[in-house]
Each structure stands twice: as C-alpha cells, then as structure tokens.
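Working notes for the structure below.
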Amino acid sequence: MKLRELLATVDSVENLPPVLADTEVKGIKTNSHACGAGDLFIGMPGTRVDGGEFWPSAIASGAIAAIVSPQAVEKNPPSDEAVVISSNNMTKACAAIAAAFYGYPGQKLKLVGVTGTNGKTTTTHLIEFFLTKAQLSTALMGTLYTRWPGFEQTATHTTPFAVELQQQLAQAVNAGCEFGVMEVSSHALAQGRVLGCPFEVGVFSNLTQDHLDYHSDMEDYFAAKALLFSPDYLKGRAIINADDTYGQRLIKALSPEKVWSYSVNDSSADLWMSDLSYEPNGVTGTIHTPEGDVSFRSPLVGQYNLENLLASVGAVLHLGLDLQLIANAIPEFPGVPGRMERVQINPDQDISVIVDYAHTPDSLENLLKAARPFIPGRMICVFGCGGDRDRTKRPKMGKIAAELADLAFVTSDNPRTEDPEKILDDILAGIPDTVQPTVIGDRAIAIRTAILQAQPGDGVLLAGKGHEDYQILGTEKIHFDDREHARAALTEREKL
C-alpha cells in the first residue's frame, strides 16, 4: 500500500514529502529495532518514554519513514526532514493507519467487545463457545490468548496494541472467521487501541477498584470503560449489567433502543433469572430474555458467573442465535483456565483446591463467597497483591480475606520492582488485630504449607494468578504455576 494512501486516513499528519508519497509500505512497526526495509515506523508516546524518540534507529534499519509526535521531533530533531512526519494525535494516527494497511478487517467481522473490571474472560469464552456450537467460525482475543480454529497464541496484553490487533483481525478474516470476540481493557480504550473496530455488541460487566495506578480515580476509570459505548466504537447493541452501579449510569446515558440490561434477580431488566437452585456442581433455573424464556443448567458456580452467563446470552441472542440452542449448550461449557479451576490428582482427594485469577477486592470477595457453600470444612485462602500496581486495594483485600476465609495466607504475587515485604505490610494493614494470618513471602512455600495443613473437608483457594505460569521478580519473569505447585503439595500430602 502506498504511503500517501495510508496517510490519507489521518487528518493530523503534517510534512509529507512528495518524494515519498508513492512509496510502497511493506509493513508497520512500532518497535524501532524490529524495522526492516520498506517498513513504516510509528513511534508511540508511552507513560515513561516517547517511542518516537527512537526514529533514527528505525530509519537506520531501513524504515522508509517515521511518524512521531511533535514532542519527539523537538527532542530529537531530524537531520533529514524527508523521512520524519509529525502527528498531533498519535493514537488516532496509529489506529487509522493500521486499520487501512490491513484492509479494515474489523469491518469484515461481526465484533463483540466485552469490558469491565471482572468477568471479561469468562464472558468472552462463553460467547465464543455459543457461536462455535452454532457452527460459526469465531476468533477470540483476550487475557489468556488469541485463538481461532487452527491457531492459538499466548497473549501479552488483554487487548493488543493497534497494529498487532489489526494484523490479528486480518489473519482471522483470512482464516475464514465470521465473528470476533474481544476483551477490551480500560488501557486499550484510553490509548485508542481499538479505534477502527466497529463493535456490533458491547458488553459492560461491572466496575470495581483496579488499575488506579494508571487511572487517576474511579471516575477516570469509568470514563475509559464508557468509551466502548460511544459512537466511535459501538454500532449495534449494548448489553449492560443493571446490578452494577456504574452499569446503571451507562444504561441511563444511552438510548433505550440500543440497550439490553441484565440482572440476576431484577425482573425489570431485559434479561434476568428466576427459579434458581444452587447445587454442588452448578446452578439450574430459568433465563428470561427479549426472545423468550428457557430453562438452563450451568456448571458455573457463584453469583458473578450468573451475571457472566446472562451477558453472554444477551450478546449471542443479538447476533441471531437460537435461544434453545444456547440453553442446550450451557451444560457443556468446559470452563476457563484459572477461573475457579479445581486441582485434583485423584477422585478420592479429601480436600478441595481451587485456583482463581481473583486479584481485586471485588473478585476476591466473589470467589470466597462462591466457594463457601461447597466447602464443608475450613476455607483457606492464599493470596497476595501485585507490585507496581494500585496500592490502595491491598489493605482492602486483606480485610476481605480476614472476614470471609477461616485461614488467610498472605504471600507474594508478582512483586515486580517493589519490596515484597512492603507489599505484605500494605496487605496486613487491612487485617484486624483479632485475626492472625500466616505470612509467607515465598509463594511456593505458602501454597505447600496451606495444602499440607488442610484437613479432610477443607478447601484451599489460591487466588491472584489463575492461568498465569510466571512470577515477576524485579524485572525478571520466572516460571511459576499455582496449579503445578498445588499438585506437588497434594502428592506430598498423600504420602503423609
């Protein structure tokens, strides 16, 4: 594609040299070290450094041109202005150029975007599962991986950056996908990564405290999430949780004809449930929808998973799936790695061990409440908080674990560059003096100790890492999987 054709999609680009206008662009790169001959380098401003400052490296590697911010030009003035183009809005420039270069793949798919603090991964997996059951080829992008039939790649971000995202959407189109289901993070929305993606369905699950290391406060966090439901993104229907305070605000802000609300118990919502019966292996009941009512049996436990189920049902109903087909598929849903995932080494195991990604106050509370009915003995919670992230949630999570678990093990969870002991102290500040938690900084030892101390009927909940198979210590990522350590401890326990 010619450079002038790409830049014609952007209204904030200046200084395009005529000599370069008809040059063929072979690829788009945002990493200067990855540039090769014929590439266009887009230097994106970051929170710590402006990537545009590295345009000389990109040009030296063969890039035909660099698009950077005026600030990057000012800090690193080009000696040859013919190769450096400035943009006053790098976010829009990057998204628009990437979409154009890859042939606007988002317009060739029916896209579903799911945003919210908790529930994105389970909801997107449910939507993908239902669409697949209807024999509709679907691409899934989210926290765990990007995948479609015949392809799977581990994810590095919940929502890819614009260039990678458009490339993956184009690959999905080429693979024959008709639908794309995407977790859309607040970071992605604030940074404009999904500009150029017209969503047929937008789902809002909930908003609770998280990412306040990035967003200035909860209102800023909400404003980022709400962008998904603006005309820039949403072209079809919004599916919104009416049981969430922020969801109620969104419902009021949008045109009623564009919204389906959902609620587990409120019959005034567009989608709701009745006749709920909670069992050790799941829930049964009736789902009420704008397309009719249907009985269901779900293997997922917990109130929050009922919300996830309603959201996914609403999304695929809007996309045209048959309600009875959906209900028939629900019992077959295999679950999601690291979400209420049971670790069992034999059928006669006398304790429950559950691994879950719960890493916010709300998700930890939901996990503990969901697990309680199925644990006849003591509930033992092993958890920590990530370093270089929102510090204000740490004492809140400590308080929740102290109140809802019978035994709390406070340990490390990706301390990154922070002092692990300081993180533990922040958590302990929220635990009342009347509760005596076990503090073990080494997560492997904490998991082993909790499982070896467990008595028949007890349940050990390993919270925070879920599907992750790594631990970040300083700037180093080492292999660490809660499930592996749990299996090792269970095997050791059997020999005692």
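Including glycine, each Cβ sits where the backbone N, Cα and C put it.
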Of the candidates ARG378, ARG389, ARG391, ARG493, the one that Swiss-Prot places in the meso-2,6-diaminopimelate site of ASP413, ASN414, PRO415, ARG416, GLY464, GLU468: ARG389
Inter-residue Cα distance where the pair is GLU468 (meso-2,6-diaminopimelate binding site) and THR121 (ATP binding site), in Å: 13
Any further residue of that chain within 8 Å (Cβ to the Cβ centroid of ARG389, ASP413, ASN414, PRO415, ARG416, GLY464, GLU468) of the recorded meso-2,6-diaminopimelate site: HIS359, GLY384, CYS385, GLY386, GLY387, SER412, LYS465, GLN471, ILE472
Residue among binding-site residues GLY116, GLY119, PRO415, GLY464 with least C-beta crowding, 10 angstrom cut-off: PRO415
C-alpha spacing of GLY116 (ATP binding site) relative to GLU468 (meso-2,6-diaminopimelate binding site), in angstrom: 20
Minimum Cα separation from ASN118 (ATP binding site), reported as the residue among recorded positions LYS225, ARG389, ASP413 that achieves it: LYS225
Residues flanking the ATP site, with Cβ no more than 8 Å from the Cβ centroid of GLY116, THR117, ASN118, GLY119, LYS120, THR121, THR122 and excluding those residues themselves: VAL114, THR123, GLU183, SER205, ASN206, ASN308
